Amino acid sequence: MWLHALVWASLAVCPILGHSLLPPVVDTTQGKVLGKYISLEGFEQPVAVFLGVPFAKPPLGSLRFAPPQPAEPWSFVKNATSYPPMCSQDAGWAKILSDMFSTEKEILPLKISEDCLYLNIYSPADLTKSSQLPVMVWIHGGGLVIGGASPYNGLALSAHENVVVVTIQYRLGIWGLFSTGDEHSPGNWAHLDQLAALRWVQDNIANFGGNPDSVTIFGESSGGISVSVLVLSPLGKDLFHRAISESGVVINTNVGKKNIQAVNEIIATLSQCNDTSSAAMVQCLRQKTESELLEISGKLVQYNISLSTMIDGVVLPKAPEEILAEKSFNTVPYIVGFNKQEFGWIIPMMLQNLLPEGKMNEETASLLLRRFHSELNISESMIPAVIEQYLRGVDDPAKKSELILDMFGDIFFGIPAVLLSRSLRDAGVSTYMYEFRYRPSFVSDKRPQTVEGDHGDEIFFVFGAPLLKEGASEEETNLSKMVMKFWANFARNGNPNGEGLPHWPEYDEQEGYLQIGATTQQAQRLKAEEVAFWTELLAKNPPETDPTEHTEHK
């Protein structure tokens, strides 16, 4: 019996595929963390996975509506093998988003908590050596109100491209954005959490096989917007070295355009908090339970009130357009892109409550433009001209619907991306643009057959979903391998090009870009006509100022 036990004990430390069977344990500045090894078919080196590693103290009590603080140290080996809870958010939408964009084979268990400042790490490195691999830090999307790190499995990207992948979480909704406009609650807690995670990466990622001097931040939708905020923020200096914004940038958003006093009067009424002073209101809101704040958040949605990133003089010293014009930002190489049909299916599905009878026609388009006109930086007087420009006398209802959805895709994603890319180029930044146009098989049964390149579709290919999920075609698998190679080459070198790949031109005065899909090819002047139309229209019709808007606060 003792011999049997001895044999098994010896096997437990016997190197197999270059690794012992013992799970990985890594030192961090707070203490040791225990992970797990996961092997991917075709790769000798397993990936070391660490889930739910804390990068800040739980933002509870007095730390609600306050800057994140470093995590408390621990003296034991912390188990980092389970997914962390997502930050506080609407559970129904959290499940929809998680199930829709997850690159996992299995449906993730849904856990939500205000204690949520954790990150996940996927490292293909031999942790017994100093590997100095490129690091890619993912910032999830979800409108800054829903989402989490764990649906995005970094296993395939990490193994195939030999990079360390980190997925981070940050406070959302009222927890991540509430601002009084003064020192009592300046706001931008979501972005301060993102910055805290990046500082943690600088201090710790070398022990996980990563190179802290080669960090790429990348994100989609509001994650892409967050990437651009961090690029424009002086607080981002030296925390990252390359950036990728997928389907979202900070240009033409509602950043800094909210009248804080008007919004907070509504929050005060909903919460029954005394708003006679900022300090009293913040203190009152800190006493509310998580469920009470969730209820308040739900009512804000009913009132069509959205909180936003603020021009606080710290995270963002000025309006994004001013920072870009002054060229006073982190001039790191940058990939900017969006998808062919950003409003193809998922976003209209999420806006069903705003669509009368689910129809998309001139009346609905006008309604939505009026609903979002302050966020879009347009005046209501412009709306008829905008609709006429896109419809151009078309009578067929199906074609009208398609053109209107294209219009919203341009307004929210395409035109801001081009404007940012031009500003980056003019500042001397190495810039690359793409348009993604492909229909993943994973969602083919959920959406109309005509939708190709919907919002978020590129995520499946960036994270190697065809290599993780069952049923992918050879074309999908090859497309994913190509996209991962582009993204990882950029993370390694600041240039996506490499051997065996279609050439991706740098975005210069010729405005060359890459169309990525079943056929991947170069093209020029992405959305040039649409940008020219909007630029001319805005010059003739400056946005109106109304009681619910203002330019900035300091």
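Every residue gets a Cβ built from N, Cα and C, even glycine.
Since we're looking at a predicted model, the values are computed, not measured.
Under the DSSP three-state reduction, S221 (active site, acyl-ester intermediate) is assigned to coil, being neither helix nor strand. Per Swiss-Prot, the feature active site, acyl-ester intermediate maps to S221; the stated evidence is sequence analysis.
The active site, charge relay system annotation in Swiss-Prot covers E342 (among others). Cβ environment of E342 (active site, charge relay system): S247, F408, G409, F412, F413, G414, G453, D454, H455 lie under 8 Å away, each six or more residues apart in the same chain.
DSSP assigns H455 (active site, charge relay system) to coil in the three-state reduction, placing it in neither a helix nor a strand. For H455 (active site, charge relay system), the Cβ neighbour count at a 10 Å cut-off comes to 27, with all displayed protein chains included. Taken from Swiss-Prot, the feature active site, charge relay system covers H455 (among others).
The N-linked glycosylation site feature in Swiss-Prot is assigned to N79 (among others). Summarising the environment of N79 (N-linked glycosylation site), the number of other Cβ atoms within 10 Å of its Cβ, over all protein chains shown, is 14.
The annotation N-linked glycosylation site is assigned in Swiss-Prot to N274 (among others) on the grounds of experimental evidence. In the three-state DSSP scheme, N274 (N-linked glycosylation site) is classed as coil.
The N-linked glycosylation site annotation in Swiss-Prot covers N304 (among others). In the three-state DSSP reading, N304 (N-linked glycosylation site) counts as coil.
If you look up Swiss-Prot, you'll see N377 (among others) marked as N-linked glycosylation site, on the strength of experimental evidence.
Annotated N-linked glycosylation site per Swiss-Prot: N478 (among others), in sequence order. Around the Cβ of N478 (N-linked glycosylation site), 13 further Cβ atoms fall within 10 Å across all displayed protein chains.
Summarising the environment of S473 (phosphoserine), the number of other Cβ atoms within 10 Å of its Cβ, over all protein chains shown, is 11. Residues or ranges marked as phosphoserine by Swiss-Prot: S473.
Annotated motif 'Prevents secretion from ER' per Swiss-Prot: 551-554, in sequence order.
The feature signal peptide is assigned by Swiss-Prot to 1-18.
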Nearest of the recorded positions (N79, S221, N274, N377, S473) to N304 (N-linked glycosylation site), judged by Cα-Cα distance: N377
Whole-number Å value for how far S221 (active site, acyl-ester intermediate) lies from S473 (phosphoserine) (Cα to Cα): 26
Nearest of the glycosylation sites (N79, N377, N478) to N274 (N-linked glycosylation site), judged by Cα-Cα distance: N377
Candidate with the highest Cβ count within 10 Å, taken from the glycosylation sites N274, N304, N377: N377
Nearest of the glycosylation sites (N79, N377, N478) to S221 (active site, acyl-ester intermediate) - Cα to Cα: N377
